[in-house]
Amino acid sequence: MKLIHDVQEMQQTALALRRQGKRISFVPTMGFLHEGHASLLREGRRQGDVLVLSIFVNPTQFGPTEDLDRYPRNLAGDCALAEACGTDIVFAPTAAAMYPPGFQTTVSLGPLTAPLCGASRPGHFNGVAVVVTKLFGIVQPDIALFGKKDFQQLAVIRRMTADLNLPVEIIGMPIVREPDGLAMSSRNSYLSPEERQQALCLYRALLAVRELFERGETSAELLLTAARAQIGATSAAVIDYLELRDGITLEPVAQAINGTLLALAVKIGSTRLIDNTVLGEEL
Ligand SMILES: Nc1ncnc2c1ncn2[C@@H]1O[C@H](COP(=O)(O)OP(=O)(O)OP(=O)(O)O)[C@@H](O)[C@H]1O
Ligand SMILES: CC(C)(CO)[C@@H](O)C(=O)[O-]
Ligand code: BAL
């Protein structure tokens, strides 16, 4: 496995691989890898000739009061896990190389970014869109894999890739959970042991809504009340958003149907966690 820090070296390597007819699979991440990332890498390995992982904590997708400075990092550990998953190249650029003096281009996104994380984190998806577009230009992937844990991010990237005719196939991958149901996330490392227990309220909220829906309840108001009760029963938990939305357009819905998205962001102490489920699909 090769570790590349230099942007030009990564791009030249990718262009040479493409000229040899190699199919490049790409998994973009912010590092501090866990089993969720590993599932993306294994699928990327299966679908491509060359597997590239990027590790870059992208400053432009963090708000001024967010956790950019304390975001967990472990390049050596990440490289070990990446190698075990069959990664060929780890691309880990610096922020100075990605955003050199004079950098000024943005990507203008549409209504998909208005609700949910877009509303809570102004500018977040612009930062994501710019860095993903840059990474696609540098890594030249045929396919790129993203987790459904970041459901809105996946929807925005699918839309942008289609709208801008970027020649990359986007693959959405299932949410990987801890045995007790907590969605894996690098930010879980912020949680104290007590907060780790309290964080289970996100999963319990998903289960409560899924169970009611399976018993025939479709009123969004009643389904959301059941979810809120799970979070409300947890002392350290504060809801950022908890919503039922159309799984494609992300428009609000009054009645849930198969394909409706339940998405939530909850603060456990100072840690903001997200999770979601699509009704009628596997958890
Ligand atoms: N539990 C998970 N299951 C499946 N995919 C995941 C999971 N967690 C993260 N991913 C995916 O891995 C990719 C990189 O995500 P990222 O590096 O931000 O990890 P993260 O654990 O989500 O971190 P964060 O704590 O910032 O939410 C994204 O496509 C994301 O959706
Ligand atoms: C897609 C991504 C790597 C862009 O920085 C990031 O938003 C993430 O890890 O989900
Ligand atoms: N997984 C999304 C990256 C972020 O929270 O900024």
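Any Cβ shown, glycine's included, is placed from N, Cα and C.
His37 (active site, proton donor) falls within a helical segment according to DSSP. Of all Cβ atoms in the protein chains displayed, 26 besides its own lie within 10 Å of the Cβ of His37 (active site, proton donor). Look at TrEMBL and you will find His37 tagged as active site, proton donor.
Of all Cβ atoms in the protein chains displayed, 19 besides its own lie within 10 Å of the Cβ of Lys148 (ATP binding site). In the three-state DSSP reading, Lys148 (ATP binding site) counts as helix. Feature annotation from TrEMBL assigns ATP binding site to 30-37, 147-150, Val176, 184-187.
Residues or ranges marked as (R)-pantoate binding site by TrEMBL: Gln61, Gln153. Gln153 ((R)-pantoate binding site) counts 22 other C-beta atoms within 10 Å of its own C-beta, drawing on all protein chains shown.
The beta-alanine binding site annotation in TrEMBL covers Gln61. Listed in sequence order, the residues of the same chain lying 6 or more apart from Gln61 ((R)-pantoate binding site) and placing their CB within less than 8 Å of its CB are Arg121, Gly123, His124, Phe125, Asn126, Gly127, Val128, Val131.
Within 10 Å of the C-beta of Leu33 (ATP binding site) there are 24 other C-beta atoms, taking all protein chains into account.
Ligand 2 lies within reach of Met30 from the recorded positions Met30, Leu33, Gly36, His37, Ser186, judged by a C-beta closer than 6 angstroms to any of its atoms.
Taking the Cβ of Met30 (ATP binding site) as reference, residues of its chain lying under 8 Å away and at least six apart in sequence are, in sequence order, Ile55, Phe56, Val57, Asn58, Tyr71, Ser186. Long-range Cβ neighbours of Gly36 (ATP binding site) (same chain, at least 6 residues apart, Cβ-Cβ under 8 Å): Gly147, Lys149, Ile175, Val176, Ala183, Met184, Ser185. Here the Cα atom of His37 (active site, proton donor) is found 15 Å from that of Gln153 ((R)-pantoate binding site).
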